[in-house]
Every structure is written in structure tokens, then in C-alpha cells.
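Only one structure is covered here, and it is reproduced in the block below.
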Amino acid sequence: MTELKNDRYLRALLRQPVDVTPVWMMRQAGRYLPEYKATRAQAGDFMSLCKNAELACEVTLQPLRRYPLDAAILFSDILTVPDAMGLGLYFEAGEGPRFTSPVTCKADVDKLPIPDPEDELGYVMNAVRTIRRELKGEVPLIGFSGSPWTLATYMVEGGSSKAFTVIKKMMYADPQALHALLDKLAKSVTLYLNAQIKAGAQAVMIFDTWGGVLTGRDYQQFSLYYMHKIVDGLLRENDGRRVPVTLFTKGGGQWLEAMAETGCDALGLDWTTDIADARRRVGNKVALQGNMDPSMLYAPPARIEEEVASILAGFGHGEGHVFNLGHGIHQDVPPEHAGVFVEAVHRLSEQYHR
């Protein structure tokens, strides 16, 4: 078993005692850091950065050089899986990700391969191995994937969407086609996450960014059901240590009880959910991650500290809290404010772990 100098993130996910509340930030390797922008310029474009193991490792480590974060997260993108299925991912300036061949019907789904994680997605595994080597056991490495539903939204819509009318049309007019796609994605994501774990990821997270656009019943059928399948198929132990899994549905605060039944170790919360209420509802079943509004990092330092104190008090005493933002850090946040946030979590949380 690889010795970890700082394992408080893994311990908190498993609701074990820690000295202070662990903290990391979604998108902590990103455009708010000038050093990230420099490395990205060196790579040429976003996907070239993802596909170069040394550069992906460099940007993964950049935030850890600045801040005493308790975890590193693999630098990659949720759309690596659909890209490996041959949909032709490209990025349009100001438009975000697009696909040249969106999925329109059951026949399109039938043609999609289930990618081999060590072949078509080998560059991700190389990045995981490189990052693990360079971390030298300082902090754990988080691997991740998008959820089947969230990946399907991009694949069917052909890119980002505001109203999700194309995929909802498929969901209501041709549910069989959508279920076939989600099933294939669940198998692909299970293989992909297990390969990340074998390559060295010490925890994994499933990002269900668009689950919150569904009705409760549709969320159960088209999103949660497939995340549950993935959780059931994941390697839960590797290198002599439990591998915790976190589910995060943005806008999913009303479904926490159902999410906690999947067998995951932790639930990510966005900033619209009250953490005290969330803890009351899930009890000791799962750990909770979150959940400061990322926009709070625009506030003066004293206000950031006040918000950190309020969220810590909301969760209260005891184990099972990983502090994070409620979604990714914004690209124009002053890096010093992120530093205030991280330092405040450690300093102000000590009293809750005595």
C-alpha cells in the first residue's frame, strides 16, 4: 500500500476522524491561475493539454504548489468518453464543446463502440500514472467521469444546451433509444473509472452536471439508475485501501435520500442545498462534499471567511465533511481569494474535530 502523507480527504469520505476538514476545489486546475494559462498556451489547445501526460500532470499539480489542498484531481474532461466513441469532439470559440456526429436514433447508438480505456483512452491512464508518480504520496488523486445522462446530453444535443429539447424529445418519443445509449455509457464509464483506479486514482467522482434538469421520476429512470449501475460495478478496493466514490448531481438537492441508497460513499452538494438540512436527511449514511457558492470567491476575504464559518457550523461536529465549492471555480476569481478560502477551511474547522 502506498503511504499517503495526507489522507484526510479519503478519511473524511469514509467518515473516519480527521484533524481538520479537508478541502479541494472543483476545477482547481484551471484558468483562474496564470500558470495554467501559460501551460495551456504551450499545449496549443484544450484537448492537446488533456492528451499530453506531462502537461496534464503539470496543471494538476499547479494548484497544490499554491495552496495546502487535501487532494489532487486528474486534469481531464468529461467528454473524453464520447470522444473515444468516435463522435468527433471539437471546441468552438465561445460555444464550448461540439460533436461532428451527434447521436440521433437507435441505429446511431448501435454503431457506438465501448471504448477500451487502455487503448482509445490510454492517454488518460498515462496522465493518472504520471500524476501519481509526481505526487509522491503527498495527497490522494481523484479520478472522475461524467454520468451517463450528462454525457448523453452532449452526445444527443451535439454540444452544450440550455433547454435540452433534443435529448428530452428522444427521452419522451423514443425512450428505448435513450436507454440503449445510457446503458452503453454506463458500461463504458464503469470500465473507464476502474481503469483509472488501476492506474492509481485513489478515489473517484461521477459528475452528473445536468441531472437537475429532469423531473424526479425521469431523474430516477434516466440518471440515477445508471449511476447506481456504475457504483455497483466499481472496484471498491485497490492497493490495500478502500476507493471511495462520490456522486454529484448539480441541482439534485431534492434527491439526496435516493442518491444515498446507491452505495456511494459521499454526495456532492451544490450551493443551493443547505448543508445542515442535507446532513439531517442523509444522517450517517454518506459523507457530504461542498458547498460554497463559487461566486463567493469574488467577495472580500472577511466575507469569504464568514461564509466558510457558516457552512462549517451548518455541517457541525463529527466526521464526513469534505469542503468544496458547490461547482467549479470561476475563471476570473483572484487566486489570492482561493488561498483565503482554503486556509480558512483548515483554520476554522479545527474546533469541529476535537
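The backbone N, Cα and C atoms fix where each Cβ goes, glycine too.
Per Swiss-Prot, the substrate site holds ARG27, GLN28, ALA29, GLY30, ARG31, PHE46, ASP77, TYR154, THR209; the candidate it also names there, chosen from HIS179, HIS317, HIS321, HIS327, is HIS327.
Sequence-distant neighbours of ARG31 (substrate binding site) (same chain, 6+ residues apart, CB-CB distance under 8 A): LYS37, ARG40, GLN331. The local packing around ASP77 (substrate binding site), expressed as other Cβ atoms within 10 Å of its Cβ over all shown chains, amounts to 17. Within 10 Å of the C-beta of ARG27 (substrate binding site) we count 18 further C-beta atoms, all protein chains included. It is THR209, among the binding-site residues ALA29, THR209, whose Cβ has the fewest other Cβ atoms within 10 Å in the structure shown.
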